[in-house]
Structure formats: structure tokens, C-alpha cells
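Working notes, beginning with the structure itself.
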Amino acid sequence: MSDNDDIEVESDEEQPRFQSAADKRAHHNALERKRRDHIKDSFHSLRDSVPSLQGEKASRAQILDKATEYIQYMRRKNHTHQQDIDDLKRQNALLEQQVRALEKARSSAQLQTNYPSSDNSLYTNAKGGTISAFDGGSDSSSESEPEEPQSRKKLRMEAS
């Protein structure tokens, strides 16, 4: 096995039978040294992967402890981010539902006015009031008005 090979521990049985005891011992020592060097390099790599240990001297026990803490921290952080993603998906679905309801209300308002569709009619409600993309376009006391502020409050509560 050459020095450039990846860490592969060869057994002494793979070597020719005619080696002397000293040769076998030297070969075994070289394999053991290579194994220890690989473990040492792996600990250094792990140490450098943990932000609180980067570039510092630390014992193997400290490296393992800090790596465990960091992994647990990252798991909690990932869980929190996943919850945020799920909340945003729910909010997005609610907003898409509101958009569909507003588009439906707009199309029914256009049918009620019996005016040909023009760019100006796209932005007015059934009573001729201006529809804003931010206020939901409701200038009337329709049934959807009480529901809209409740859903907005709910969205704010979920986000916090």
C-alpha cells in the first residue's frame, strides 16, 4: 500500500509468507501510524467545521462535545426554519385564496355593471369605487368585509 492511497487497512495476511518478523512488525507499525494520522486529520477537520473551535487547540473530547452541541443547535435551527417555511406556505395559500375570491368578486362586479371591459373597469368595484391591491378592494359593506380583518389578524399572529 503506497503512502498516497486512501486509508485502507491491509491485513498482515495479504503480504507474502516469506517476510521476517521485523518486516511484519514494521509493516504493521506503518499501517497503525497511517490509521492514527487519518483519525488525527479527521479530528482536525471536525474541529475546523465547528464555528466555536475553528483554529483553536482542543482535546478530542472537547471537539466531540462542541461538535455535538453544534449539531443539536443546527437541528433546532433547521426545525425553526422548517416551521417558518410551513407558516409562510399557509399564509401564501390564504393569500392565494383571497386573490381568487377578489378576482371572482371583480368578475361578478363587471358582469353586474354591464359595461364593456376596459382597463379602467379592472380597477373598480361594483359600486364604482377604486379597488386597491392593498385594501382588498372593498368599499362596500359586503359579507366578506368582516372576515378579511380577522384573517389578517390571524396572519400576524402566526408570523410572530
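Here the Cβ of each residue, glycine as well, is placed from N, Cα and C on the backbone.
Here Swiss-Prot flags 1-13 as compositional bias 'Acidic residues'. Under the heading compositional bias 'Basic and acidic residues', Swiss-Prot lists 29-40. Look at Swiss-Prot and you will find 107-124 tagged as compositional bias 'Polar residues'. Under the heading domain 'bHLH', Swiss-Prot lists 23-74. Under the heading phosphoserine, Swiss-Prot lists S2, S11, S107, citing similarity to another entry as support. Residues or ranges marked as N-acetylserine by Swiss-Prot: S2. Look at Swiss-Prot and you will find K66, K153, K154 tagged as N6-acetyllysine, backed by similarity to another entry. Annotation source Swiss-Prot lists region 'Disordered' at 1-40, 104-160. Taken from Swiss-Prot, the feature region 'Leucine-zipper' covers 81-102.
Remark: K66 (N6-acetyllysine) has V50, S52, L53, A58 as non-local neighbours, by Cβ distance under 8 Å and separation of at least 6 in sequence. Broken down by DSSP into helix, strand and coil, the compositional bias 'Basic and acidic residues' (29-40) contains 12 helix, 0 strand, 0 coil. A helical conformation is recorded for K66 (N6-acetyllysine) in the three-state DSSP classification. Confidence over the domain 'bHLH' (23-74), given as mean pLDDT on the 0 to 100 scale, stands at 95.
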